[in-house]
Amino acid sequence: MQKKVIAAIIGTSAISAVAATQANAATTHTVKPGESVWAISNKYGISIAKLKSLNNLTSNLIFPNQVLKVSGSSNSTSNSSRPSTNSGGGSYYTVQAGDSLSLIASKYGTTYQNIMRLNGLNNFFIYPGQKLKVSGTASSSNAASNSSRPSTNSGGGSYYTVQAGDSLSLIASKYGTTYQKIMSLNGLNNFFIYPGQKLKVTGNATSSNSASATTTNRGYNTPVFSHQNLYTWGQCTYHVFNRRAEIGKGISTYWWNANNWDNAAAADGYTIDNRPTVGSIAQTDVGYYGHVMFVERVNNDGSILVSEMNYSAAPGILTYRTVPAYQVNNYRYIH
C-alpha cells in the first residue's frame, strides 16, 4: 500500500512538472474570454509588469484572441507601431491594445486633434485593430460629401443625414444656423446624434418633435466611480462603461458579467427600477452572460433608443436600436 501511495505521488508530481514545463516553454498566449493580465502572468510564472513590457501594453486592457508574448524580450519598435502608407497619400497606423489618441500622436509627432480631424472622429474612443490616418490630409470620405447638402420634402424645411464624425455644432455651421435651433427643430434634449440619423436643419419644429423625448432624472442619487475600464474589450459591458464615463457618471469596473450588474449596482448604492431615463443602463439576465445597453433617448411613445455592442454585430462594433414600448419593462434600469 505504501509503495502505491508513493508511486501515485511521484506520478502526480511528474504530470505537474510536465504541465509547468509546457507552460514555461510557450512563447505566446492567445487571450481567451474572461482572462486578465493577472491570470495570464500567473499561468506563465511572470509578473504583470513583465507581461506588459513584453507586449508594450500601457494598461491592463486585453481582448479575446489577442496574441500576447509571454517569454523572450520586448521589441522596442514593433511592425505595428510603424505607420503604413498607401497610394492615396498619408500614413496609417493600426491601433494596439492600450493605445490612446495622445499616445499615438506623440509617436508620430502630431497632435490628437489632428488625428481626430484626419479620421473624422468626434470622441476619444478607439479600439484595437482600428486603422487611423496619422499624416496627410483628411480623405474625401471624411470631408463634406453630397450628403452634406440638405434634402427637402413637401412638408417644408430641409433635412440632413448625419455622417460619421458629425456633431451638432459642425452641422449648424454648415447651414448657417445654431446647434440650439437644430435641437429645437428635432426635439433633441442632448447632443447625441448618430450616423444615418435624419435631422431637420431649416423650417419649423413639427408637433411630433415638440415632445419627442424626456430627460427627467427623477432625482436619482447616482454614485460616481473613476475606475479604469477593465471589462473585456468589445463587449456590451465595455461599451456601457465608456458611455457612462462620457457623461460624467462613471460606474464600477468590478460588476463582472452583465447578468450581475443589477445586484452589484444595488450593492454600490445605485437605484434600480423599471423606468428608463436618458443615461441609465438597461440590464437583463437573459442569455448566458446577460446583456446591458446604454439608454440614449426616451421617446414620447414609450420606446427607447439604446446603444450597445456585441448584440446584433461582432464585438467592438457599435450599434443602435429602438426598443419598442411594450418591451421596455423587460429590462431593469440602473440610474
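Yeah, the Cβs are placed from backbone N, Cα and C, and that goes for glycine too.
The annotation signal peptide is assigned in Swiss-Prot to 1-25.
Annotation comment: Swiss-Prot describes 27-70 as domain 'LysM 1', evidence class sequence analysis. Across the domain 'LysM 1' (27-70), mean pLDDT in this model comes to 79.
Among the features that Swiss-Prot reports, region 'Disordered' is placed at 71-90.
According to Swiss-Prot, the feature compositional bias 'Low complexity' maps to 71-86.
Here Swiss-Prot flags 91-134 as domain 'LysM 2'.
With DSSP states grouped into helix (H, G, I), strand (E, B) and coil, the domain 'LysM 3' (158-201) comes out at 15 helix, 8 strand, 21 coil. The domain 'LysM 3' annotation in Swiss-Prot covers 158-201, and the record cites sequence analysis as its basis.
The domain 'Peptidase C51' annotation in Swiss-Prot covers 211-335. Helix, strand and coil content of the domain 'Peptidase C51' (211-335), in residues and according to DSSP, is 27 helix, 31 strand, 67 coil.
Broken down with DSSP, the domain 'LysM 2' (91-134) shows 15 helix, 8 strand, 21 coil.
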